[in-house]
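Shown next, in structure tokens, is the structure this report addresses.
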Ligand SMILES: *Cc1c(COP(=O)(O)O)cnc(C)c1O
């Protein structure tokens, strides 16, 4: 029986996408060949790459607005490096809202001065800093729109007159935003888009080519753009499966449709966390993520009972990250409201039992 999959990443994908992807592994487009055994330069695969790049821009509302989409390798962690390599000439600002921002900052420091414009480290990243000043002379500001580990999410995206760079790994395509506010967006596929192995990068072309350092080809956005995201052999399976998810998203109401579902799921779990005396939320109320809900039991001795009940209900992947503890329910686009309902039922059943 298929489990209710709350894994933080790699994470749930639509069942029909998994089916289509597995079909393509055996017989791609009725070609009598596997997706995995054809040239990436063949028309069939070039079409996949082109459609995926276009659809990503289309879903974000960025078509014809000076942006290019790329499917690169190395994960979001490689983008911590590439963003700074391509954009940091003197000084960049970073908003430190969690483990991933922290890592992005460490990498950027290899390339120039980094100003931590604000940080929520003082409270183990359980909130998003709000009243901070942006110093002058920054090459860009870097933010993490959703903090996967801590369960916080930026609700207000700053409007700036310098480039805005965002790690959207865990909430890309999950909610409507004015994406034109961003100049560089990146997201590892394995949270909300596809399998591990590719990272979506969306970049406004006119911010590139401004740094004086030499950039190795594989780390140079301009090179990847000029080669149509095919500078070298792309991760064909990850790109194709991401395309299938993007098609699925489009057929299901696009980002708007996803956001409506995600809001319902988040409302359901957070009201249970707030009403049930056995649970307490980790993140500050106003910063709660619609993607990752972090919570704890108020009585540690109920852990074993709760864990057993979760298992019996077919719920998988709700253990919290080691740096936060407790529980984390990740509710990416492909997770159904019914799965969240099942989790909430177990939580209220625990209250009845205890
Ligand atoms: C998972 C995650 C990362 C790391 O992604 P990799 O693809 O493993 O490098 C970075 N940032 C955020 C917000 C994440 O959720």
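Cβ atoms are placed via backbone N, Cα and C, with glycine included.
Taken verbatim from TrEMBL:
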BINDING   41  L-glutamate binding site
BINDING   76, 77, 100, 148, 167, 190, 232, 233  pyridoxal 5'-phosphate binding site
DOMAIN    5-339  domain 'Aminotransferase class V'
MOD_RES   191  N6-(pyridoxal phosphate)lysine
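Mapped onto this structure are the features recorded in TrEMBL.
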| residue | record | Cβ within 10 Å |
| --- | --- | --- |
| 41 | L-glutamate binding site | 9 |
| 76 | pyridoxal 5'-phosphate binding site | 24 |
| 77 | pyridoxal 5'-phosphate binding site | 16 |
| 100 | pyridoxal 5'-phosphate binding site | 22 |
| 148 | pyridoxal 5'-phosphate binding site | 28 |
| 167 | pyridoxal 5'-phosphate binding site | 30 |
| 190 | pyridoxal 5'-phosphate binding site | 25 |
| 191 | N6-(pyridoxal phosphate)lysine | 29 |
| 232 | pyridoxal 5'-phosphate binding site | 10 |
| 233 | pyridoxal 5'-phosphate binding site | 10 |
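Listed in sequence order, the binding-site residues among 76, 77, 100, 148, 167, 233 whose CB lies under 6 angstroms from an atom of ligand 1 come out as 76, 77, 100, 148, 167. In the three-state DSSP classification, residue 77 (pyridoxal 5'-phosphate binding site) falls within a helix.
On a Cα basis, residue 148 (pyridoxal 5'-phosphate binding site) lies 9 Å away from the residue listed as 'N6-(pyridoxal phosphate)lysine'. Predicted-model confidence for the domain 'Aminotransferase class V' (5-339) is 97, expressed as mean pLDDT. In this structure, the C-alpha atom of residue 233 (pyridoxal 5'-phosphate binding site) lies 9 angstrom from that of residue 41 (L-glutamate binding site). Between the farthest pair of Cα atoms in the pyridoxal 5'-phosphate binding residues (76, 77, 100, 148, 167, 190, 232, 233), the distance is 30 Å. Note: the Cα of residue 190 (pyridoxal 5'-phosphate binding site) and the Cα of residue 41 (L-glutamate binding site) are spaced 25 Å from each other. According to its DSSP assignment, residue 100 (pyridoxal 5'-phosphate binding site) is helical. In the three-state DSSP scheme, residue 148 (pyridoxal 5'-phosphate binding site) is classed as coil. Across the fold, the C-alpha of residue 77 (pyridoxal 5'-phosphate binding site) and the C-alpha of residue 41 (L-glutamate binding site) stand 27 Å from each other.
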